[in-house]
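Undergrad: One structure follows; several queries about it will come next.
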Amino acid sequence: MVMIVAQQVGVTLGRRSVLHDVDAAFAPGTLTAIVGPNGAGKSTLARALLALVPICGHVRIDGADVAAMPRAELARRVAYVPQGQTLHWPLSVERLVGLGRLPHLAPMSRISAADTAAIEGAMTRADVLDLRDRIATELSGGERARALFARALAVEAPALIVDEPLASLDPGHQIDVMDLLRAEAAAGGTVIAVLHDLTLAARYCDRLLLIDKGRVVADGEPAAVLTADRLRAVYGIEARVETGGAWPTITTLGRSGR
Amino acid sequence: MNRPIPRPLLLGVLATLAVIAAIASLLFGAVDLSLVRLFAAATGDGDRTASIILFDLRLPRALLALAVGAILGLAGAALQGYLRNPLAEPSVLGTSNAAALGAVAALYFGLAQVHPAVLPLLAIGCALLSLGLLFLLTGDAESPLTLILAGLAVATLAGAGISLALNLSPNPFAAMEIMTWLLGSLENRSFDHLWIALPCIVVGGALLLWNGRALDALTLGEDAAQALGTDLKRTRLRLLLGTAIGVGGAVSVAGAIGFVGLIVPHLIRPLTDRSPSAILLPSAIGGAALLTLADLGVRLIPTTSELKLGVVTAFLGVPVFLLHLMRERRLW
């Protein structure tokens, strides 16, 4: 189990400042959604947590600064599925999932029994066992998302960061993926997901981190974060937020007159 | 889907093919040797003619064909994996053109006559120089596109230099000598050539083979590869050094032999699980076998003057492009 803490994180890409002074902590056993409008800096924050972009400030994993951590060490602690994950060669699903074991393989070593077990386990959890011999580039969108997800699970890292895992999935598969994320958190994982669907985020996540123009504007339980006033200010939308049920539901009514 | 051939079997078959090709290339040529005569010459109690043909002519040529083919196949496989582009080949970085420019300079200025080692050494020097230029041009950028563009710039510059040498060559014979060299050949190569090229090829090959896991991770793109623990800077350094040293060494003795690095990974890939690491070593062995066979073809195809190796491999390259075209148009 790992604790990921961002302290005063700022990111400048090219000459454009994308994130400013972001403070956030991600605890084991919780599923946190990073939400916000397009271009708010959600993906950049996810990448900053993995030291994939140069940052000012600090990101610490269990107290250790990620900027000073060897890549392989970081790879064993945090698994990552980037936005719009590409696959450049037509690998079989099993081979694709096996890529998740790369951080654990010593140079010139062969794949071990533990690796095979991790690959089987990941394929079982993501429900892609029956696709194992299929070519991953020829799968449907939903199958592909599950296969890529299994690849991240095969790392067996205590933390998982997924960037827009629901993009191009139908409602059924969206729920499947959210269930998987929920299960990872329930098993003690530190799970962070960049999401656009606010109702799904509110329903499944323990916590929402709302970002706008590179700054954290709200951080807390979904019901506390998602208020009609805030949605108007951040997204520029008029929305009805119903908090009577088991989780808040958001119905977008239209653009607010700005 | 077609299942991959088990790796030991694939390597075994390819190695057998390479050995058979090498033995055939010792047996056949202007004068055919029988197996008995070859064996007698190899063990030291053969006739003088057979010994000279074997040790001075055919053995260095066969060994060079194996080594040059291996590094071209391997570099092609590694670069296709790194650039994630099935049409990449060793010349995309411009190092083979640069090596050729070094060789052409040696011919143009008459330095090649001073000592047989001058031409290959100048070629390797130019390949390394072009690598420095490549690093200068790409800077810290990690995208494959930057590398391709920088490689293109280096290749174009070297190509322009070669054209200039042809343009300004003092007489038609000098131009002819340069042209002949550029077509690529293993004719009349001695053990001296092998000893110059082999160390470069071995070092370059080792640097390229080292990258298997990083290339596999890159299948998922740069971000995911880094998140899987890949150090992209080191991977690129190893890859560029390996290609420049290895291919530079190969071009320095054999001339610019194209298409082997393009064809071989294509032939090998469907036989494996298609991951970049799985095609590295098989492409090296396959490249060795292919170039040795092509060099044998050069000697056996009856023509008035000997065919050049680069010409034969260029003809072999055409079907690969056609196959891609047909797949793109879904005709096959």
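Backbone N, Cα and C atoms are what each Cβ position is placed from, and that goes for glycine too.
Below are the features I grabbed from TrEMBL:
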- B:62-79: transmembrane segment (TRANSMEM)
- B:91-111: transmembrane segment (TRANSMEM)
- B:117-138: transmembrane segment (TRANSMEM)
- B:145-166: transmembrane segment (TRANSMEM)
- B:193-210: transmembrane segment (TRANSMEM)
- B:239-264: transmembrane segment (TRANSMEM)
- B:276-297: transmembrane segment (TRANSMEM)
- B:309-326: transmembrane segment (TRANSMEM)
Undergrad: Quick check for me: are there 3+ Cβ pairs below 8 Å between the transmembrane segment (B:193-210) and the transmembrane segment (B:145-166), leaving out pairs under 6 residues apart?
TA: no
Undergrad: Should anything in the same chain at least six residues away from the transmembrane segment (B:145-166) have a Cβ under 8 Å from its Cβ atoms, list it; otherwise answer none.
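TA: Sequence-distant neighbours of the transmembrane segment (B:145-166): 83, 85, 88, 91-95, 97-98, 100-101, 104-105, 107-108, 126, 130, 133-134, 137-138, 175, 178-179, 182, 236.
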Undergrad: Return yes if the transmembrane segment (B:309-326) and the transmembrane segment (B:239-264) have at least 3 CB pairs under 8 Å (sequence gap of 6 or more), otherwise no.
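TA: Answer yes: the transmembrane segment (B:309-326) meets the transmembrane segment (B:239-264) with 3 or more Cβ pairs below 8 Å.
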